[in-house]
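Below: the structure, in structure tokens.
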Amino acid sequence: MRKSIAIVIPSYNEATNIDVLVNALNETVSNLSYDFKFVFVDDGSSDETIAILKEKAKLHDNIFYVELSRNFGHQNALKAGIDLVKNDADAIISMDGDMQHPPKIIPKLIQKWEEGYEVVYTIREEDKKLSYFKNKSSNMFYGLMNKLSDIKFEPGTADFRLIDKKVAQVFSDFSENELFIRGIINWVGFKQFAVNYEPNERFSGKSKYTFGKMMRFAIQGITSFSTKPLSMAIILGISLSVLAFIFYIGYVIYSIYYGHVISGWASVITTVVFFGGLNLVVLGIIGVYIGKLFMQSKGRPNYLISNTNYK
Ligand code: UDP
Ligand code: MG
């Protein structure tokens, strides 16, 4: 019997990309001897994404759609797809729906899987086609992640990877509310292999990761994998207290020699504002963790499926 491979594609307003992607995928897999299923997860799109998917599913029996009840975000949409196919597929490939993840890499991913690797992930080579900002911000983000958390993140990794059934099964049990899948995949271990690729430009449409969203995603990634920001807050607090004490001693000695001097209103105000700001930052860090506890304690599902033809 042929092994089966599911390709899970979270899609949010990708109506103009589906055709190209399906054609490219079909072309890639046509000379591979596996049973392929293309599983598109419509993440609450407001364009014709779901209508087009339904149309496609009618015409081709290897295309499936999963309609989420609203927009749950890329990570949750991906989890929805993996959860759904994890018992049928021998391997699951996840990729974006905008052609940025080139389908022609897929045979390479499968080849490595056949060699015994259980996670075959991809590393995007720094590329001129992506904006300077995207390259730089992504490198900075991974640098920061590595400083602040206990697992290693490689720059250029995205949610374009193949995972073995075994990995999909364990991943499915993760009930983290704020998913950061690339971190979890790194955390679970198993035999991993990295494949390099040159990214394409988004075929059409706009990126859904705006600057604000990227920042939120970064904070989510860091705080999901480490409590280092909390210990850094303590170290910062202690260092500043020591500094203040030294200043105080210095001031006492100074006033013994030169008498009591009152001046420097500006520096006092600056200091007050600075420490006020610092207090808020540290409280904010604590707040982020408390917020995570709050969200998690409600135990809500990561996504809701309203409709699917997957079987
Ligand atoms: N996506 C999604 N839900 C969202 C945002 C994005 O399913 O709320 C999908 C999107 O359709 C695409 C993938 O996630 O297939 C990556 O998104 P995008 O291309 O906008 O991000 P970028 O490549 O710019 O980081
Ligand atoms: Mg993209």
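The backbone N, Cα and C atoms fix where each Cβ goes, and this holds for glycine too.
It should be emphasised that the depicted structure is a prediction, and the values quoted were computed from it without experimental measurement.
Per TrEMBL, these features apply:
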type	residues	note
DOMAIN	7-167	domain 'Glycosyltransferase 2-like'
TRANSMEM	233-258	transmembrane segment
TRANSMEM	264-290	transmembrane segment
As a test of reading the model: what is the averaged pLDDT for the domain 'Glycosyltransferase 2-like' (7-167)?
90
Same chain only, please: residues at least 6 beyond the ends of the transmembrane segment (264-290) with a C-beta under 8 Å from a C-beta of the stretch. Say none if there are none.
219, 223, 227, 229-230, 233, 236-237, 240
